[in-house]
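Record features, source Swiss-Prot:
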type	residues	note
BINDING	R34, 73-77, Y85, 117-121, T143, S149, Y246, K261	substrate binding site
BINDING	Q142, T143, G144	hydrogencarbonate binding site
COMPBIAS	254-265	compositional bias 'Basic and acidic residues'
REGION	254-273	region 'Disordered'
SITE	Y85	site 'Important for catalysis'
SITE	Y246	site 'Important for catalysis'
Amino acid sequence: MTNRQWETLREYDEIKYEFYEGIAKVTINRPEVRNAFTPKTVAEMIDAFSRARDDQNVSVIVLTGEGDLAFCSGGDQKKRGHGGYVGEDQIPRLNVLDLQRLIRIIPKPVIAMVKGYAVGGGNVLNVVCDLTIAADNAIFGQTGPKVGSFDAGYGSGYLARIVGHKKAREIWYLCRQYNAQEALDMGLVNTVVPLDKVEDETVQWCKEIMKHSPTALRFLKAAMNADTDGLAGLQQMAGDATLLYYTTDEAKEGRDAFKEKRDPDFDQFPKFP
């Protein structure tokens, strides 16, 4: 594996947020519990992803877990209380749902780099990422029904779109675990590489993506998500279209005419069929 010098962009307690040549890397840093997340972990990830979204130097975002044994094992059951996962303020939350939605609407590709276990809510995080590079030691699966939990959102509905309804039911009803090759065969990941090559492969995919039009990638992500995200997905794609329209001379003519208190001259712009 190439020894890269990742730059720390911000210090957190339960995650790492780093940068390397146009790539932001968000790492869940709780290896002692297989990178299970708490409300604080999720809040820190939301903050880091939001910063990556706004950072013009970031083209692609990588989500991973600290160490080689786990990507993420879902919510920390020791923090689970009445009505949700209890944070330092003693308020029960399921703020991971906000994180899932954020990953979907960020107009930049998000790649899951999976080493070891991606189970429970960890597998759902894998599911909502745009692409997945899996190490050959990766293990995937859902555990909710074993521990009195479930994900009736992306973790089931979108999972069924990816692997098929019969397979998704098998994953949830039986709570089995699947190795990296099985995950590849069902379409849950994009590629499988040796553990010591997984970061090299992930960076290579990022570099290839970064050669392409960011506006085209933004619209492609929004279009593919709109199919499963309903009106919220359409709103995202429409918002992206509005931002693009604001950069045109036609939109600027309307703005300038209003500011100059005159009628706009839209006749100068083409009306393509």
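Backbone N, Cα and C atoms are what each Cβ position is placed from, and that goes for glycine too.
On the structure: features taken from Swiss-Prot.
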residue	record	Cβ neighbours (10 Å)
R34	substrate binding site	23
G74	substrate binding site	26
D76	substrate binding site	19
Y85	substrate binding site	25
A118	substrate binding site	34
G120	substrate binding site	26
Q142	hydrogencarbonate binding site	29
T143	substrate binding site	20
G144	hydrogencarbonate binding site	20
Y246	substrate binding site	10
G144 (hydrogencarbonate binding site) versus D76 (substrate binding site) - Cα distance in angstrom: 12
Q142, T143, G144 excluded, remaining Cβ within 8 Å of their centroid (hydrogencarbonate): G74, V119, G120, N123, G141, P145, K146, V147, S149, F150, D151, W172, C175
Assigned conformation of T143 (substrate binding site) - DSSP reduced to three states: coil
Secondary-structure category, per DSSP, in which Y85 (substrate binding site) falls: strand
Binding-site residues clustered about Q142 (hydrogencarbonate binding site) [Cα within 10 Å; pool: R34, Y85, G120, Y246]: G120
Assigned element (helix, strand, coil) containing A118 (substrate binding site), judged by DSSP: strand
The region 'Disordered' (254-273) - residue tally per DSSP class, helix then strand then coil: 9 helix, 0 strand, 11 coil
Pairwise Cα distance for A118 (substrate binding site)/G144 (hydrogencarbonate binding site) [Å, integer]: 13
